[in-house]
């Protein structure tokens, strides 16, 4: 889809500039380029990416919904398709939130504590 | 009649100071129990006369702040709420020391494919098994463990069930907690998050614009397509709720359509047994209050409070409304010191809770404030119910 925002942090989002000015409870710092400081503690740029599995599902479901609704926007199938889009978007958002606090190094070290990067020394 | 349940205690190093039931803890050493190699397993047997659970219901549409509310609520009770350890990683349940949160999506009778075939949304009651919901909530309320199904939001399938132990406080959150009359009667307190269309649109744009594939049109189409079902099945639940948090666009900025500043109304039902509404200055009067002035300086657009009695769906209610946002800590503490009946345990508790979660959405406006206050009210309600039951059993024992 042309000019869609990628899921990685980008500071130059092309199209819907005005809409990103809407800062609201769900604003994530990396997408609000003006800093109206809706979040008070924000020290580093966080990469907010949806896990690719869910992201793919979301875009597929949107395509599917658009196709189904091309024939009859009021039909049950169309409504159910958009409901599925909503459900997957919510799941994607939750997945993003879950990943938000995760430090990649900590995650790696949980599984591989013996590697050099993860060795800890106590005196 | 005493009901005793046995469950494993995850760790004894952090003793549960919240538990006020009599408990016997059996500690098995590693040597005898080779299965749990190296780990010392502890089993807790808790027996209490009529250990009934307090059940809270929370209703809201998808993307409307239920998760944030849950996190604030569990934080008021203490302890972090986490998914059950060692279970299905896609479980929707959250468990903390005192609270268990169950997502009602787990009671879908049709999975995603089933709904697609039938052409129904998840909002439609046909897609939900209310009988099972009622049975299991009733069982948990009576202190029995249940095998609750899991609805996997990622795959859209119904996964094998997980065991849920009866907690002290059970929160059921989802689209239909108050839809079925039997389930409604089991609830000790119910809350409805009513987000106006403009605000909902703004929030969903913010949530979804980062997704590859989504565009303004697709978000709009999604909202429009779900609206008929939402209006027929979900919205009517608000008349049954004991507290409604209504979120509207602000009135302080003329012509504002950005949805940055919000006007939030806390609609509290009068006449409930364990719930005394929060009020401003004088209960039952109509008050309009702008705290910014000589003692307190606020930045644009400031803060405005109103309070007064109203009628909501032919119920007597008291409405506390906040328009604007907090910029500084002292604004928050100033406001808190002028509100009454907060059920806080010490001066500044609301402010402290808000600061603890300053990164949550809504921490600088009425949504966070009222969610925190409702959390304190629920704690108060729980303590009252427990005290009442203790008094009742003492009475019964005497006789």
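Glycine too: its Cβ is placed from the backbone N, Cα and C atoms.
Within the compositional bias 'Basic and acidic residues' (A:94-123), the DSSP-based counts of helix, strand and coil residues read 18 helix, 0 strand, 12 coil. Look at TrEMBL and you will find A:94-123 tagged as compositional bias 'Basic and acidic residues'.
The Cβ of residue A:69 (disulfide bond) has 18 other Cβ atoms within 10 Å, all protein chains considered. In this structure, residue A:69 (disulfide bond) is part of a helix by DSSP. Annotation source TrEMBL lists disulfide bond at A:69-A:78 (among others).
Here residue A:109 (disulfide bond) comes close to A:115, A:117, A:118: these same-chain residues lie at least six apart in sequence, with C-beta atoms under 8 angstroms from its C-beta. Annotation source TrEMBL lists disulfide bond at A:109-A:118 (among others).
For A:54-123, the entry in TrEMBL reads domain 'CP12'.
Here TrEMBL flags A:92-123 as region 'Disordered'.
Remark: residue A:78 (disulfide bond) has A:65, A:68, A:69, A:71, A:72 as non-local neighbours, by Cβ distance under 8 Å and separation of at least 6 in sequence.
DSSP assigns residue A:78 (disulfide bond) to a helical segment in the three-state reduction. A distance below 8 A between C-beta atoms marks A:69, A:78 as the disulfide-bonded residues from A:69, A:78, A:109, A:118 lying next to chain B.
Around the Cβ of residue A:118 (disulfide bond), the number of neighbouring Cβ atoms within 10 Å comes to 14.
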